[in-house]
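Novice: One structure, pasted below without further comment.
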Amino acid sequence: MSRSTRLDRVFYWLGLIVIAWAVLTFLLVPMLAALQAALFRLGSLAMFDAVSELARSRRVRAALWNTVWMTAATTLTVTIVGMFQVAVLEYFRVPGRGFLKIAFSTPLVFGGVVAAAGYNFTYGPSGAITAALAALFPSLPRDWFIGWFGVLFAHTFLMTSFHFLFLRAAMRRVDYSTIEAARSMGASEMTILRCVVLPVILPTVLAVTLLTLITAMGSFAAPQVLGGRDFHMLSQMVLTLNSLRRPDMAALLALLMGLVLMGLILLSQYFEAKGAYTAGAKATTRIQLRAIRNPLARIVVTALAYLLAAIYLMPVALIVLFSFAPASSIGIDVLPSSFTLANYARVLGGGAAFVPFFNSMLMSSIAVAVGLAITLFAVPIMVRKRNWLTRGLDICFVLPWIIPTMLLAVGLIVAFDAPNPLVGNLVLLGSYWLLPIGYVIFSLPLMVRFMRSAFIGIDPAFDEAARAMGASGPYRLRRVVLPLVAPTAILVAGMKFNNLLAEYPLSAFLYNVNNKPLPIAIVDGAVSADPDQAAVSLVYVTLIMAFSLAVILIAERLSLGRTPESSNL
């Protein structure tokens, strides 16, 4: 055995040991700790006692009812708006289709805590729209938007990204010749939509509806920012219980929510697979846009489409404009009367406003670098070798995608709130590093999924040719494999970096005064009455939107598209 081969084996086993330790310490142990906290107390089964305490709590019962009806209402309103968007973009001929497509795609760059803060700035007590309405209706309360209505409104217009991406793709698989055949037989437009188009796209509609339901049920940022004092959902109660030092009740509530969400995820995957099978290769004639012959219907559809476009674009435009406005104009002016770079100078100038931006940039960079290193080491092994170890790693890497973020966060808190021998008897809770560790775990599923596809797509002849010329394993990886997967790695790194900048649920559970990230600063600014803090928050939101747009443009350039995550609304 040559020296290089021995070194390869040493690095191989050393890397596997490190990854196995990381998976055990920061994924499996926290999950077991969360289960133990939910089910046991002082060594005995206490789940039923915790359930009884939760059931007796009026706030928990109210949050449960709010979650149930808000989830149902959101699913209904998002389905109506989303299907209308798809019909306007992919079925009917409406003027300005390109502009409407841009407007309807804004949830891809304007989601989660960024969008919740943006809607609060637009329609909240200090919002520009509220200022305009107050001038017209002086008796209008400044907090008219805060409460269940604001949450439902935000959900409705921020959760249509699944329809925009998946349902539009399903519409393109409809065979236009079947529509023409039905039309030639005298079928009306509504009959064609109901009897020809809908059966083809129905599995995708069901999958998208379930994804919307999952997102609405786990909504966190929207009720936190827009719900006010009287409207709370279960995700907020988990955070509240944890802050009250009741990790047992927090873990149990997160576990119950997780079980429901996992069941819905399995259902959505079933319908997604059925949709892919049903509409697989049927479309021989691409669907053509249909003109709306009835003049009144054409006017109504066009007006509704542009009204939706205005609703989507208004918060984005106002945020960008007011991020360049003096802080004194926020909450007073409908549109800024002057512009300044002072807000950006405060954020980027190295003062107190720069700290959350720096913290998020640093922690996101660390998380992406560590996650990418783990992925680039583990995925080639998982692709080449199929044994119990690689299958186990594969399952572990998918777990953070299935397990709700709140349950993962509670598990990390419970596992590391005391000296833990797996990390040298350190107490990580309250330290700088627990949040970056959570970011790494949160990032792994998407990284593994995309990089696996990239490695599977490599022609084995390249590696075999390098091996035949005597190249060692590390040399082949560095000079042959990595250049081939580099575009995907760059895209995935950019996507996760952008997601982590706006990751609110995990940050809300794990941050401390030493590493306060951007999402927490954005929420603080959104609910603050201080115009200076609100102005800084607008700069944060604008910078995150700029990063999101840059990632999408890179994705377009690399022709790899973009896959959406839970908006964590």
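Cβ atoms are placed via backbone N, Cα and C, with glycine included.
Per Swiss-Prot, the features are:
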TRANSMEM  10-30  transmembrane segment
DOMAIN    64-268  domain 'ABC transmembrane type-1 1'
TRANSMEM  98-118  transmembrane segment
TRANSMEM  121-141  transmembrane segment
TRANSMEM  145-165  transmembrane segment
TRANSMEM  196-216  transmembrane segment
TRANSMEM  247-267  transmembrane segment
TRANSMEM  304-324  transmembrane segment
DOMAIN    357-551  domain 'ABC transmembrane type-1 2'
TRANSMEM  363-383  transmembrane segment
TRANSMEM  395-415  transmembrane segment
TRANSMEM  426-446  transmembrane segment
TRANSMEM  480-500  transmembrane segment
TRANSMEM  534-554  transmembrane segment
Novice: Quick one: do the transmembrane segment (121-141) and the transmembrane segment (426-446) reach 3+ CB pairs under 8 Å, ignoring pairs fewer than 6 apart in sequence?
Specialist: no
Novice: Apart from its near flanks, which chain residues at least 6 from the ends of the transmembrane segment (98-118) lie with a Cβ under 8 angstroms of it?
Specialist: 85, 88-89, 154, 157-161, 164, 221-222, 224-226, 305-306, 308-310, 312-313, 315-316, 319, 502-504, 519, 522-523, 525-526, 537, 541, 544-545, 548-549, 552, 562, 564, 567-569
Novice: State the non-local partners of the transmembrane segment (395-415) in its own chain: residues 6+ outside its ends, Cβ under 8 Å from one of its Cβ atoms.
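Specialist: Same-chain residues near the transmembrane segment (395-415) but 6 or more away: 23, 26-34, 36-37, 218, 220, 235, 238-239, 242, 247, 250-251, 254-255, 257-258, 261-262, 265, 378, 428-429, 434, 437-438, 441-442, 444-446, 448, 505-506, 509-510, 566, 568.
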Novice: Let me check one thing: do the transmembrane segment (534-554) and the transmembrane segment (304-324) come into contact, meaning three or more Cβ pairs under 8 Å with sequence separation of at least 6?
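Specialist: Answer yes, regions in contact.
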Novice: So, does the transmembrane segment (480-500) come close enough to the transmembrane segment (10-30) to give 3+ Cβ pairs below 8 Å, pairs being at least 6 apart in sequence?
Specialist: no
Novice: Does the transmembrane segment (480-500) come near the transmembrane segment (363-383), with 3+ Cβ pairs under 8 Å (pairs 6 or more apart)?
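Specialist: They are in contact.
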